[in-house]
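Trainee: Per Swiss-Prot, the features are:
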type     : residues : note
TOPO_DOM : 1-25     : topological domain 'Extracellular'
CARBOHYD : N5       : N-linked glycosylation site
TRANSMEM : 26-46    : transmembrane segment
TOPO_DOM : 47-54    : topological domain 'Cytoplasmic'
TRANSMEM : 55-75    : transmembrane segment
TOPO_DOM : 76-98    : topological domain 'Extracellular'
DISULFID : C96-C188 : disulfide bond
TRANSMEM : 99-119   : transmembrane segment
TOPO_DOM : 120-138  : topological domain 'Cytoplasmic'
TRANSMEM : 139-159  : transmembrane segment
TOPO_DOM : 160-195  : topological domain 'Extracellular'
TRANSMEM : 196-216  : transmembrane segment
TOPO_DOM : 217-236  : topological domain 'Cytoplasmic'
TRANSMEM : 237-257  : transmembrane segment
TOPO_DOM : 258-270  : topological domain 'Extracellular'
TRANSMEM : 271-291  : transmembrane segment
TOPO_DOM : 292-305  : topological domain 'Cytoplasmic'
Amino acid sequence: MSNTNGSAITEFILLGLTDCPELQSLLFVLFLVVYLVTLLGNLGMIMLMRLDSRLHTPMYFFLTNLAFVDLCYTSNATPQMSTNIVSEKTISFAGCFTQCYIFIALLLTEFYMLAAMAYDRYVAIYDPLRYSVKTSRRVCICLATFPYVYGFSDGLFQAILTFRLTFCRSSVINHFYCADPPLIKLSCSDTYVKEHAMFISAGFNLSSSLTIVLVSYAFILAAILRIKSAEGRHKAFSTCGSHMMAVTLFYGTLFCMYIRPPTDKTVEESKIIAVFYTFVSPVLNPLIYSLRNKDVKQALKNVLR
């Protein structure tokens, strides 16, 4: 881990989203507001579901975990990003490792938390008579624990592979947080193992979690089409509508980043897309789930009385 003159790299420089002073001031205010709204929204959702006993169900148990992951996700990047805008743009080697590790871990955790939520909706609509058995407290705890254990295990493995590389080309990271791809570009050692491990992990986790979601919704759609009454179909659709919107928002931004041909993927475009799944998704999820959910809206009214 040394630079071109042989001295050890003890810190990195994060270039951020822009080097324009006027835009930096605007971005600081914008992301500070977004972060505060994210904190308020996700903490509010967690507290609401803890306080109202009617929301002590498997669906809201998973939603509480999703809100917690989103809260940690945006908190991992925003404070450092805001600090870099108003002061020095540096981050220590250990700080960069920690941020990279937590980012990967929480990204993977969210993949499988959304998959667990899709399974919950599948059981509720496709097999309602066995819902209490298939989503017992023990099952729910296992389904919610797996994303954290797997996400933080694979995240640690990926982060260790990255920071075992030798960094000698530069200490400047063209991003607003310590991300794997720009870090790999700074390495002057062989990145074959790391690049392939990253590709395999990204491909497997994205495809496997999305497959669980799509298969679950295929069964849900089949069950809904068998419902004869229009009111029953509408109720079933509304039950999983919020989750479908959250999945579309989260996976949609990731596909925009990785599905395009490599020639079209500029660094600046990648940073802008990263803003969406780092900041936009966490701030919108509480709104999506509260505005389309009668139980949440009623619980909020009860608390505000």
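From the backbone N, Cα and C atoms, a Cβ is placed for every residue, glycine too.
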Trainee: Which has the fewest other CB atoms in a 10 Å radius around its CB: C96, C188, the listed disulfide-bonded residues?
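Mentor: Sparsest of the disulfide-bonded residues C96, C188 by Cβ contacts within 10 Å: C188.
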Trainee: Which three-state DSSP class does C96 (disulfide bond) fall into?
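Mentor: Once the DSSP labels are grouped into three classes, C96 (disulfide bond) ends up as helix.
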Trainee: Counting Cβ pairs under 8 Å to the transmembrane segment (26-46), which of 55-75, 196-216, 237-257 comes out on top?
Mentor: 55-75
Trainee: So if I exclude everything within five residues of the ends of the topological domain 'Cytoplasmic' (292-305), which remaining residues of that chain have a CB under 8 angstroms from its CBs? That is, six or more out.
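Mentor: Apart from its flanks, the topological domain 'Cytoplasmic' (292-305) reaches 45, 48-49, 51-52, 54-55, 60, 238, 241-242, 245.
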Trainee: Using a Cβ-Cβ cut-off of under 8 Å, list the residues of the same chain that are 6+ residues beyond the ends of the topological domain 'Cytoplasmic' (217-236) and lie near it.
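Mentor: The answer is 118, 121-122, 125-126, 244.
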Trainee: Helix, strand or coil by DSSP: which one applies to C188 (disulfide bond)?
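Mentor: Where C188 (disulfide bond) sits, the three-state DSSP reduction gives coil.
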